[in-house]
Each structure stands twice: as C-alpha cells, then as structure tokens.
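J.: Straight from TrEMBL, here's the annotation block:
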DOMAIN    71-483  domain 'Major facilitator superfamily (MFS) profile'
TRANSMEM  69-89  transmembrane segment
TRANSMEM  109-129  transmembrane segment
TRANSMEM  136-155  transmembrane segment
TRANSMEM  200-216  transmembrane segment
TRANSMEM  228-249  transmembrane segment
TRANSMEM  280-301  transmembrane segment
TRANSMEM  321-347  transmembrane segment
TRANSMEM  359-379  transmembrane segment
TRANSMEM  385-411  transmembrane segment
TRANSMEM  461-483  transmembrane segment
Amino acid sequence: MLKIFVMEERSYSDENALVNNVVTAVIRTAVVDGNDGNSEAINARHGSSSSQQVAGMGVRYTHGRSRPYISVSILCFINLINYMDRYTLAGVLRDVKDYYGLDDSQAGLLQTSFIISYMVMAPLFGYLGDRYNRRLIMACGITFWSATTFLGSCIPSEYFRWFIFSRALVGTGEASYSTIAPTVIADLFTGAARTRMLSLFYFAIPVGSGLGYIVGPEVANYIGHWYWALRVTPGLGILAVILCLMILVEPPRGEAEGEVEHKSTSFLEDIVEVLKIPSFVWVSLGFTCVTFSVGALAWWVPDFMTHALEVQGGKPDKTLVNLIFGIITCFAGIAGVILGSLCSQYFRRFNARADPLICAYSMLAAIPLVFVACITASSNTSVSYALIFFGVTLLCMNWVLVADIVLYVVIPRRRSMAQAIQITLSHALGDACSPYIVGKLCDAIANGDQSPMASFKSQQYALFFPIFILVVGSSFFFINSFYVAEDKERCIRLTRGETLSTVLVPNCSHEICRDFHESGDSLTDKYGIN
C-alpha cells in the first residue's frame with residue numbers, strides 16, 4: 001500500500017501549489033479500491049516503482065506483493081496450533097477425569113480456568129498491541145503458551161490444582177496472539193480482500209479444533225499416556241516463533257486505509273471510545289452468546305456421544321468418538337467459514353446491513369438442528385452426527401463476519417483494544433463459564449446417579465441450555481443491523497479525515513486549510529474526497 005511520510009523541514013515558494021499537491025497525494029493514498037482492497041489497483045494507476053516523490057513528500061510501497069500473503073499464511077498456521085492446543089484437552093477429557101479423579105463440574109473448571117486468564121489478560125495485550133511491536137509481542141506470547149502447555153503435561157495426579165494453574169497460564173500466552181493477529185491482517189488488506197484473508201485466518205479455528213480432537217488423542221493412544229497429547233503443540237510453537245520473528249511483516253497501523261501515526265491515547269480513553277460504537281457493543285454481545293453455546297458444545301459433546309453409545313448397549317471407543325467429532329468440527333467449520341464469507345460478499349452488494357443479518361439468521365437456523373441432534377443421539381447416532389455437522393456449519397458462518405464488523409467499525413489505532421474488549425466480554429460471559437455451568441447442571445440433574453442412562457440424560461438436558469442462548473444471540477445481531485452501516489461509514493470518514501488533517505499545513509492561508517481548521521469538518525464530506 002502507498003505510505004506518506006511528511007518531511008519535517010519545509011521551504012516552499014508556492015504555498016497554494018504545495019497544498020493542492022498534498023491533497024492530491026492524500027487522495028491517492030486514502031482511496032481504497034473496493035474490488036481488491038490492496039495496493040495493486042493503485043500501482044496500476046500511479047506507477048509501480050518502489051519509491052516516488054510527490055510534492056516534497058516521500059511516497060513508497062512498504063511491502064512487496066507476496067509478503068502480505070506470506071504473513072497471512074504464517075498467522076493462519078499460528079491460529080491453527082492455537083485452537084489445536086485449546087481443544088486437545090477436550091479430546092482426552094475422559095482420561096484426564098480418570099487420572100485426576102474428577103467429576104463433571106471439576107472437568108468443566110479446566111476450560112474455565114483457561115478462558116478466565118485468557119480474557120483477563122486480553123485488554124493488556126490489546127493496549128500493548130496498539131502501541132508497540134506486534135510481532136515481538138506475539139512471539140513472546142507463543143513462547144510462553146508453548147512452555148506452559150509442556151510443563152502442564154508433567155504434573156502428577158495428586159497436584160490437580162497446579163494442573164488448573166498451568167491451563168490458566170496457557171490462556172495468558174494465547175491472549176497475546178488472539179488480540180493482535182486480526183489487526184495485522186486489517187493493516188495489510190481492506191475491502192473484499194480483507195474479508196477473504198480473514199476467511200483464511202478463521203479456517204484455522206475449525207481445522208485446529210478438529211485436529212485437537214484427532215491428533216492429540218491419537219498420539220496419546222499410540223504412546224499409551226494421555227499427557228503426551230499436550231506435548232504436540234509446543235514443538236509446533238517453536239516453529240511458529242521462528243516464522244513470526246524472521247518472516248512476518250509488521251505493517252504500520254492503518255496503512256491499508258491510508259491512516260498515519262497519531263499521538264497515543266490512554267488505556268481508559270481507548271476503552272471508552274470503543275464502547276461508544278453501538279455496532280461494536282451489539283456484535284460483541286451476539287458473539288458472546290455464540291461462544292457460550294459453542295464452548296459448551298465443543299467441551300461436552302464428545303463425552304455426551306460416548307454416553308449415548310453406552311445407552312445403546314455398546315462399548316464405545318473413545319478414540320473413535322473423538323475422531324468422528326474432530327472430523328465433523330473440521331469440515332463443518334471450513335464449510336461455515338466459506339459459506340459465511342460468500343454470503344457476505346454477495347449480499348453486501350444489495351444490503352449494507354447484510355453481515356449482522358447473516359449472523360442472526362444462521363444462528364436461528366442452527367437451533368433446531370442442534371436440538372434434534374441431542375434428542376436423537378441415543379437412538380440414532382448417525383443422524384445425530386449429521387445434524388451436528390449442519391448445525392456447526394451454520395454457527396461457524398459468523399466467525400469471519402464478526403471479525404470483519406469489528407475491523408470496519410473501529411479506527412485502526414484502536415483495533416487491538418477492540419479485539420481485546422470483545423475477547424474479554426465474549427469469554428467472561430461465554431465459554432469461560434459455559435462448560436462449568438453445563439457441568440454443574442449435569443451433576444445436579446444426575447443427583448449422584450452414575451448409571452449410563454442417568455449420565456446421558458443429565459448431559460442431554462443440560463445441553464438444552466446453551467441451545468436456548470442461541471436465541472438470545474440472534475436477537476443481538478438483529479439489533480446490530482440497525483447501526484452497522486452508519487458506524488462503518490463514520491469509521492471510514494474519521495480515518496480518512498484524520499489522515500487529511502495531519503498533512504494540512506497549520507496557519508495556512510489556502511482556502512482548503514483555512515476552512516478545515518476553522519470549521520473542524522471532515523474534508524471527506526466537504527470536498528467529496530472518498
């Protein structure tokens with residue numbers, strides 16, 4: 001993308017010519033091609049040389065054509081092992097319960113401890129990610145989570161509390177990555193190109209989650225001990241750190257949209273400004289309901305399906321159950337991400353409020369599918385698995401759309417903080433508590449009865465609660481649709497208006513500069529620059 005650098009020393013004989021040329025240069029930088037979203041369209045119109053001079057201002061392309069795509073590939077790989085690590089423990093949950101002697105509520109607490117630290121540390125890393133080197137922050141976080149995951153696999157059976165603590169530390173490390181990575185993609189691409197790159201990035205969620213259910217248990221089964229499942233991702237984490245430090249691009253914040261550096265604001269100022277955006281608040285509440293439901297289902301469904309097979313009179317193979325659910329999660333997630341991205345790109349042409357509406361309708365459509373899957377599990381597991389596949393596909397449609405909404409309604413220099421706030425909210429009220437709540441409901445409904453039928457029924461009834469939460473979430477997305485178009489336009493005007501204001505000459509007598517400084521209006525509106 002083109003980047004403007006304003007020279008500190010100025011000696012110009014013609015002030016009016018300077019301003020006109022500056023505005024021309026800014027227009028070239030600020031206009032974003034709606035069809036592609038990267039710098040290629042600008043290259044074609046204004047030349048492809050790596051360095052140009054425009055009216056005393058250095059204009060250069062900051063990255064080669066391939067480096068942004070390589071960077072997205074690296075971020076996708078890191079996101080994949082992030083989610084693979086997160087759901088590996090769920091794949092060996094029955095073995096963990098036997099090893100530490102846990103009931104359902106204690107088993108749910110393992111995921112809760114991870115998510116609590118994850119959400120608590122997210123605002124800190126969001127603040128740092130808006131101000132300091134994001135590549136270094138991510139590398140340190142990946143190193144920390146890989147080390148704590150490995151150390152957690154070495155804790156003996158009599159020290160369950162230390163095992164919980166190790167899972168909490170893993171959440172701290174993963175928070176450093178998840179809050180920052182989407183903002184790097186946002187600074188490399190805009191428009192439809194950004195949506196496509198985010199789609200690739202969020203492919204890693206279902207693929208990584210599915211691999212967590214498959215690879216970890218397979219390794220543990222091959223070696224003979226469950227804790228070897230936790231020793232797969234740390235090795236991949238070392239490779240991720242090397243790629244992050246050696247190859248990953250660190251783009252200037254707001255580069256893709258033409259925003260230049262501004263003075264930093266305080267931690268509280270950033271939070272307040274982000275929470276003033278209605279679309280951000282409502283999309284975050286809707287996504288919180290998604291994480292609540294998906295978190296509970298992802299944690300408990302493999303155990304639930306194992307009990308369903310026991311009720312049918314069989315002796316279930318836990319590894320096979322995890323393998324099937326992992327495959328379902330993987331392919332349903334991929335299908336959902338693709339479907340959500342395609343629907344968004346198609347319906348945006350007709351409706352500026354398409355993204356939240358797609359999220360709302362897909363959630364409503366998923367409710368009957370997941371509900372019937374729970375009902376039929378004890379009588380026909382094949383039908384239940386098929387319904388789970390389609391239900392998960394619909395729920396995964398919103399991953400890319402939610403991320404895209406946050407990125408296009410929040411200005412570039414506050415995006416890491418916005419990601420952090422959303423992570424904190426969605427996990428605090430979402431999957432931080434849902435596995436534990438469902439586990440407590442299971443124990444309360446079973447009332448001490450450990451028979452296969454009682455275990456199955458207690459989990460079945462408990463899983464109806466996160467399904468109901470999907471109804472609440474869809475209503476939040478419907479409310480979001482009333483605000484998203486206006487908030488997106490406001491963000492575009494603010495970003496480009498700030499860019500123009502930073503290059504206009506103070507105390508200038510030219511009518512453009514004088515009018516702007518006296519009125520404070522955006523030149524985007526005043527002079528039709530868009």
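Each residue, glycine too, has its Cβ placed from N, Cα and C.
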J.: Please work out which recorded stretch in 109-129, 228-249, 321-347 has the most C-beta pairs separated by under 8 angstroms from the transmembrane segment (200-216)?
T.: 321-347
J.: Give the one range among 69-89, 228-249, 461-483 whose Cβ atoms make the most pairs under 8 Å with those of the transmembrane segment (136-155).
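T.: Highest pair count goes to 228-249.
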J.: Mean pLDDT across the domain 'Major facilitator superfamily (MFS) profile' (71-483), rounded to an integer, is what?
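T.: Averaging the confidence scores along the domain 'Major facilitator superfamily (MFS) profile' (71-483) gives 84.
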